[in-house]
Amino acid sequence: MKIMVAMSGGVDSTMTAKFLQEAGHEVQGCYMMLHQKPGYHEENIRKVKKVGEYLGIKVHILDLQDKFNEYVYDPFVRLYKEGKTPNPCALCNKFIKLGALLDFAKVNGCEKLATGHYVQVVDGFITCAKDPSKDQSYFLAQVPKEVLKDVIFPLGDKFKKDIKELARGVKVLEEFATQAESSEICFVENTYIEVLNKHYNTNLPGNVVDKDGNIIGRHQGYMHYTIGKRRGFEVFGAHEPHFVIKINAEKNEIVVGTKDDLAQKVVELENVNLFIDEDKFECETKIRYRSPKLEAFVEVDKSSKTAKLTLNQNALGVAQGQLCVMYDGDRVIASGFIKN
């Protein structure tokens, strides 16, 4: 089978290509240029070409910067401007890695696209990886169901520690096996504020208000804050912790309250991606990547791709713009971006 492998120059994508070649497939590699972080691509392309030479496979260099800006970077900047908390990796997987790259693979005669994500596809459903510490099902939950028949994830049934150990046994991969893992947003060097500062003045002080609109303090600029944050702003004469419970971008205002004020049981979603036919169902849900799963009842409006999620217990720090993913056991059955 002809398979295109998304290659980054890291251990996971390199071992993905190696596993598939050893299984007898005709493998091609593709490195995607997605952003303009200085010096980033040169080193990665060097690594990808080195692996390509070792494996004897063709390596494509694909410039997707325009698409990346349109579907990932620009929305990232815009959502922070609107006082929301974006999830760029979910958009990148949907529109770029399993969107534009899949199209490129097909144009080049490949039957499948493979990536180094730690996730499985079982019976047409995105399913949690065998290694729970590396599971990326959350970030792939916006990928359309019809795409899943064309993609494979060879690392989904493996443990990361085993992958790194295997990589140490291959001479050309030795420098990759010991390199630090990248876990942050690829186009963010240090903090997201540095990215936003290229487009806006984020340091515009404003008022901190309570739930009733009373001015009780000052902040350094609303884009510095996300829902649930409790530091970096001043509350006059405060003796107990205050948490950001709402961001009013138009007024350059943040609303603060107690931890109890952060609690939320009803969540509204938009851009819902549904993997099942039902429009009413019970599930377990994650309101952000690192949050525990909470039981919920979901009502979906398929025509508008919106949903109402009623949790069985309070969730803390529900942030507009973040991805909410719904599970049935280990299977992803729906996802949507938090609207309210």
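Each residue, glycine too, has its Cβ placed from N, Cα and C.
All protein chains shown were included, and the count of other CB atoms within 10 Å of the CB of C92 (active site, nucleophile) stands at 26. Here Swiss-Prot flags C92 as active site, nucleophile.
A coil conformation is recorded for C186 (active site, cysteine persulfide intermediate) in the three-state DSSP classification, outside any helix or strand. Long-range Cβ neighbours of C186 (active site, cysteine persulfide intermediate) (same chain, at least 6 residues apart, Cβ-Cβ under 8 Å): L34, H35, K37, Y40. The annotation active site, cysteine persulfide intermediate is assigned in Swiss-Prot to C186.
According to DSSP, G10 (ATP binding site) is assigned to coil rather than to any helix or strand. The ATP binding site annotation in Swiss-Prot covers A6, M7, S8, G9, G10, V11, D12, S13, M32, G116.
Marked as disulfide bond by Swiss-Prot: C92-C186.
Every protein chain shown contributes to the tally, and the Cβ of H117 (site 'Interaction with tRNA') ends up with 26 other Cβ atoms within 10 Å. In the three-state DSSP reading, H117 (site 'Interaction with tRNA') counts as coil. Swiss-Prot lists H117 (among others) with the feature site 'Interaction with tRNA'.
Other C-beta atoms found within 10 angstroms of the C-beta of Q322 (site 'Interaction with tRNA') number 23, with every protein chain shown included. Look at Swiss-Prot and you will find Q322 (among others) tagged as site 'Interaction with tRNA', backed by sequence analysis.
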CB contacts for A6 (ATP binding site) [other CB atoms within 10 A, all chains]: 26
Residue among recorded positions C92, H117, Q322 with Cα closest to the Cα of G10 (ATP binding site): H117
Candidate recorded positions C92, H117, Q322, pick with smallest Cα gap to D12 (ATP binding site): H117
Among C92, H117, Q322, which are recorded as recorded positions, the nearest neighbour of S8 (ATP binding site) by Cα: H117
Three-state secondary structure, which DSSP defines for C92 (active site, nucleophile): helix
Among A6, M32, C92, H117, which are recorded as recorded positions, the nearest neighbour of Q322 (site 'Interaction with tRNA') by Cα: C92
Nearest of the recorded positions (A6, M32, C92) to H117 (site 'Interaction with tRNA') - Cα to Cα: A6
